[in-house]
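To start, the structure under review is shown below, and the notes come after it.
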């Protein structure tokens, strides 16, 4: 009877916990999703329409205030700020997406392999991972930009490679947790190979970790791209970029502070959106939750 009562208590506890898990992080996910969705919508709209040509300059319209023709005014070269903000959303999202994909493509197999292989090989793999991780992604991007020249492709590759060691470390930790479960131990005892363990047991159970890592990595990549553009090592002109808008507006900060405010706000909103989304997903995919088969 005592075993029956214990089983019933565990079942009731699981039923009470399940709705909480489904609701965990809902507000953060909603808020972050709205912010990110707004930025994505800006980028998509700018592909087909902008109020003005974002690259067109005009000596007559320099440093104009908000008007019917220029909703947010113009910059020091007479370019429409609203159009530049819309078009400038494309590059950060593109760089973030490609950098995250590169980091996952490199980091996920490396992290799983470091956990599944024998202990000695796994330790050496992680030591190499630590060496690469000692170089921050932004520093690596600056070095590559100095060698290859500043470009969007350079920023994508450098930020993706630089972020992959962090992904590998998180994936290895999640993989070790999965491999300690009874079903994974049983699969190993049955002679299942590393590929079967990785595809059948590891990847399905670390998908939450990967989603969270991707959203956080996206925010970091957006900030790093803005920093590179600010330093003149990112996307070259005349392609609009929020970071370069900051850099160009810096010299006119005393005259027209809005030149810095608008791109700065766009960068902050984008990063905040991805961070809120990542925090909400982390609450939803709590690593302390029971790992499921």
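Cβ from N, Cα, C; glycine included.
Marked as transmembrane segment by TrEMBL: 28-49 (among others). Cβ atoms under 8 Å from those of the transmembrane segment (28-49) belong to residues 83, 85-87, 89-90, 93, 215, 266, 269-270, 272-281, 283-284 of the same chain, restricted to positions at least 6 beyond its ends.
Summarising the annotation, TrEMBL assigns domain 'ABC transmembrane type-1' to 89-278.
Residues of the same chain lying 6 or more positions beyond the ends of the transmembrane segment (93-117) and with a Cβ under 8 Å from any Cβ of it are 39-40, 43, 125-126, 129, 152, 155-157, 159-161, 163-172, 174-176, 179, 194, 197-198, 202-203, 210, 213-214, 217-219, 221-222, 225, 274. Taken from TrEMBL, the feature transmembrane segment applies to 93-117 (among others).
The annotation transmembrane segment is assigned in TrEMBL to 138-163 (among others). Residues 91, 94-95, 98-103, 106-107, 217, 220-221, 224-225, 227-228, 231-236, 239 of the same chain sit 6 or more residues outside the transmembrane segment (138-163) yet have a Cβ under 8 Å from a Cβ within it.
Residues or ranges marked as transmembrane segment in TrEMBL: 210-233 (among others). When Cβ-Cβ distances below 8 Å are used as the criterion, the transmembrane segment (210-233) is approached by residues 32, 91-93, 95-97, 99-100, 103-104, 108, 137-138, 141-142, 145-146, 150, 154-155, 159, 163, 166-167, 170-171, 241-244, 246-247, 267, 270-271, 274-275, 277-278, 281-282, 285 of the same chain, each at least six residues removed from its ends.
Among the features that TrEMBL reports, transmembrane segment is placed at 259-278 (among others). Outside the transmembrane segment (259-278) by six or more residues, the chain places 28-29, 31-36, 38-39, 72, 75-76, 81, 85, 88-89, 92, 96, 212, 215-216, 218-219, 222-223, 226, 242-243, 245-246, 248-250, 252-253 with a CB less than 8 A from a CB of the stretch.
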